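**Q** Dropping a structure here in structure tokens format, bear with me for questions.
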Amino acid sequence: MSEQSKGSGRRTIYKNGDFYTPEGIVRSGWMQVDGSGRIKAIGAEGTAEPERAFGDDELVVDLKGRSVLPGLIDVHVHGGGGFSMMDADRESLDGMSRFHALHGTTSFLATTVTDTDERIRQALRNAASAVQEGSVTGAELLGVHLEGPFLNAKRAGAQDQSTIRLPDLAALEQYVNDSAGLIKLVTLAPEMEGGMEAVQWLAARGITVSIGHSDATFEEAAEAVHRGASHTTHHFNGMRPLHHREPGLAGAGMMLPELTTELIADGIHVHPALVKLLFDTKGARGLCMITDAVFCAGLPDGEYEHATMKDGKVYLPDSDSLAGSSLTSIRALQNMVAFTGYPVETILPSFTETPARQCGALERKGTLEPGKDADFIVVDDRLELLATYVRGGKVYER
């Protein structure tokens, strides 16, 4: 894997590839990328002479008929490859970014867990410094997803109940300041005391509010939507389940168009049949695919300090409670095709366009079109990953 930079510094033509664009698949096409790592143009074979568009000094890459997809964006990822966001050091943020680039992620929100106030603040300050210093060299760090500590202990899941606390506007403001404005998404339980006010405060500042680790009723979820909530966290997990007399948050996420629903498609957190049902209900632009990967993603089965991994499933130590996942973005994409039976172009926006929108990055991420960052992956006809590019720079090649 090579080090990420803002563009390769060299103008490049990628030719003889199938490019998945918002207008459809451009078969046997080409894509021009400028020296700053932005897409200049995309065209079909025979529509132009791209090799001459920039001059004789540009690089020409033959994709040999492979498919080129927009880079996969993960707005809920705690770690991977032995590294965790909560380690609160540059090496760990860079390590998890490089690990996930190996698996098709081109940008991400580093996600916290419920912890002491000081540890959360350390993690936020570290993320802000990493972005300022440009020390993340794999997938691009777009910001932070603050998951907790303002949750409902009744739906804590793997979150540390001893450090869960009530929503607090002063604490939220401190966290936003510590992150230097990098907090793009916040998971909280709006039914808790002060929760609705927190939803309104965050939404007014352009931060996406996600309802999660919550025991909210359908009516409470609808009230949170009225206050500005627009997202649910790992849908069906960590929430009141769907019931015919009380739809709860699970039902609200399915029924309310204002809510975009996260989903973990590992076949463990949610049954494949229910994965398909949620996709059929919400569509690719109402569904935001995530990994919820933790530090042991990519590591062998075994017992670790904060988790046990067996057959790829991550549990709390000495427990049968799931504690995140070992999923990767490219595996989730493969799973979604298998679980739903839909072609990749139908599913793709839930991995690209929707997460880009939900974290405020759609102007430059999420689709292959002129003016946007050249974040893309190259795959074969089985959706096996061959290469990952971030802002025009190759960060992985098989």
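Think of each number as a place in line: the chain as shown, counted from 1.
Cβ from N, Cα, C; glycine included.
Worth saying up front: this structure is predicted, and the values here are computed from it rather than measured.
Okay, these came from TrEMBL:
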| type | residues | note |
| --- | --- | --- |
| DOMAIN | 68-384 | domain 'Amidohydrolase-related' |
| BINDING | Glu147, His213, His234 | Zn(2+) binding site |
| BINDING | Ala158, Asn237, Gly238, Arg245, His269, Leu322, Ala323, Gly324 | substrate binding site |
| ACT_SITE | Asp292 | active site, proton donor/acceptor |
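Would you situate these features in the structure and describe their surroundings?
**A** His234 (Zn(2+) binding site) falls outside any helix or strand according to DSSP and counts as coil. A simple way to gauge crowding: the CB of His234 (Zn(2+) binding site) has 24 other CB atoms within 10 angstroms, across all the protein chains here.
Under DSSP, Gly324 (substrate binding site) is assigned to coil, being neither helix nor strand in the three-state scheme.
Neighbour density for Asp292 (active site, proton donor/acceptor): within 10 A of its CB lie 28 other CB atoms from the protein chains shown. Secondary structure at Asp292 (active site, proton donor/acceptor), as computed by DSSP, is coil.
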**Q** If you measure from the CA of His234 (Zn(2+) binding site) out to 10 Å, which recorded positions from the list Ala158, Arg245, Asp292, Leu322, Ala323 are inside that radius?
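**A** Matched recorded positions: Asp292, sequence order.
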**Q** Look at each of the binding-site residues, His213, Arg245, His269, and point out the one with the fewest other Cβ atoms around it within 10 Å.
**A** Arg245
**Q** Around the recorded Zn(2+) site, report the further residues of that chain (criterion: Cβ within 8 Å of the mean position of the Cβ atoms of Glu147, His213, His234; site residues excluded), sequence-ordered.
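**A** Going along the sequence, the neighbours come out as His76, Gly148, Leu151, Gly157, Gln159, Thr187, Ser210, Gly212, Thr233, Asn237, Gly238, Asp292.
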**Q** Consider the recorded positions Glu147, His213, Asp292 and say which one has the Cα lying nearest the Cα of Gly238 (substrate binding site).
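**A** Of all the candidates listed, His213 is nearest in space.
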**Q** Taking only same-chain residues 6+ apart in sequence, whose CB is under 8 Å from that of Asn237 (substrate binding site), what do you get?
**A** Gly157, Ile264, His269, Val270, Leu322
